[in-house]
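As given in TrEMBL:
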- 24-50: transmembrane segment (TRANSMEM)
- 42-293: domain 'G-protein coupled receptors family 1 profile' (DOMAIN)
- 62-88: transmembrane segment (TRANSMEM)
- 100-121: transmembrane segment (TRANSMEM)
- 142-164: transmembrane segment (TRANSMEM)
- 197-222: transmembrane segment (TRANSMEM)
- 243-264: transmembrane segment (TRANSMEM)
- 276-295: transmembrane segment (TRANSMEM)
Amino acid sequence: WEFNGSFYQPSAFLMMGIPGLEALHPWISIPFCALYLTALLGNCIILFIIRKTQSLHEPMYYFLSMLAVTDLGLALCTLPTTLGLFWFNVRRIGFDACLAQMYFIHILSFIESSVLLAMAFDRFIAISHPLRHPSILTKTTVLKIGLAIVLRGMVSLLPIPFLLKRLTYCGKTELSHSFCFHPDIMNLACADIKVNVFYGMIILLSTVGMDFIFIVLSYILIIRTVISLTTKEECLKALNTCVSHICAVLVFFIPMIGLSMIHRFGKNVPPLVNTLVAYTYLIIPPALNPVIYSIKSTHMREALLRALRRKRG
């Protein structure tokens with residue numbers, strides 16, 4: 001412990017794996033390894049295919065590249081501590097290292113939310129104004145959107161580590177997960193955390209909350225446009241371009257909303273449920289997104305098959 005008058009700050013926190021199943025951690029690590037491997041390889045393949053295939057150099061796939069980079073970052077943020085705990089029972093993480101991990105996990109989550117919104121906007125323009133789509137979403141515009149997304153995440157979350165460092169911690173130093181999460185750290189403090197709670201809620205609602213609302217509005221407008229199409233074939237073709245994105249939105253937002261609700265209101269929720277929702281939120285989307293886009297996106301699937309044929313040839 002670091003002592004300075006009445007101010008106490010732990011030198012480290014203790015991470016937790018899956019409560020009640022500690023003896024099975026080596027076996028539980030096998031599906032986690034498979035998910036991490038899928039996330040790392042799948043997103044690297046997505047990036048490679050888009051880079052090498054000229055026909056995929058368009059806004060939809062530029063945004064998909066941003067999503068793949070974000071998913072890679074999320075997987076790499078949690079992989080060392082999660083597998084370190086499951087394999088070697090390394091539970092200790094330094095205070096500053098924990099704050100750094102937390103900061104990057106939340107930044108990447110916010111970036112993923114914003115990228116999904118940008119992809120929804122791209123689909124809306126492509127379906128509602130197909131002739132104007134190339135002139136609206138140019139390479140320069142897409143780059144500016146990407147920079148704005150990153151800056152929004154970095155700036156909005158910058159105060160969080162400093163708000164946590166100002167708190168006094170006493171007694172408990174055990175986290176609920178094998179990674180650092182803002183509400184989890186905040187609840188270990190024995191000081192007044194109203195500022196942390198208020199700022200965290202405001203930032204969550206003004207970023208991820210607004211992103212989700214605008215994604216829903218985008219799809220309402222898309223459905224209105226699709227209904228106005230003359231033939232059933234045109235309707236299905238238009239909607240088919242959105243299936244991958246809808247799956248990615250559901251895979252990301254459902255566990256994220258669930259985890260946020262549990263941390264803020266689920267005091268009586270069993271620890272096992274909290275842990276499983278947290279792992280679902282941070283590990284499943286990076287692993288599933290490349291699979292979803294490889295299966296559901298015809299252009300991605302064809303480009304991947306061409307690349308495999310060239311490699312075999």
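Backbone N, Cα and C define each Cβ position, glycine as well.
Remark: the transmembrane segment (100-121) makes no contact with the transmembrane segment (24-50), by the rule of 3 or more CB pairs under 8 A.
Computed over the domain 'G-protein coupled receptors family 1 profile' (42-293), the whole-number mean pLDDT of the model equals 91. Counted as Cβ pairs under 8 Å, contacts with the transmembrane segment (142-164) are highest for 197-222 among 24-50, 62-88, 197-222, 276-295.
Listed as Cβ neighbours of the transmembrane segment (243-264) (distance under 8 Å, sequence separation of 6 or more from its ends, same chain) are residues 67, 109, 112-113, 116, 119-120, 123, 181, 183-184, 187, 197, 201, 204, 208, 212, 215, 219, 273-274, 277-278, 280-281, 284-285, 288-289, 292-293, 296-297.
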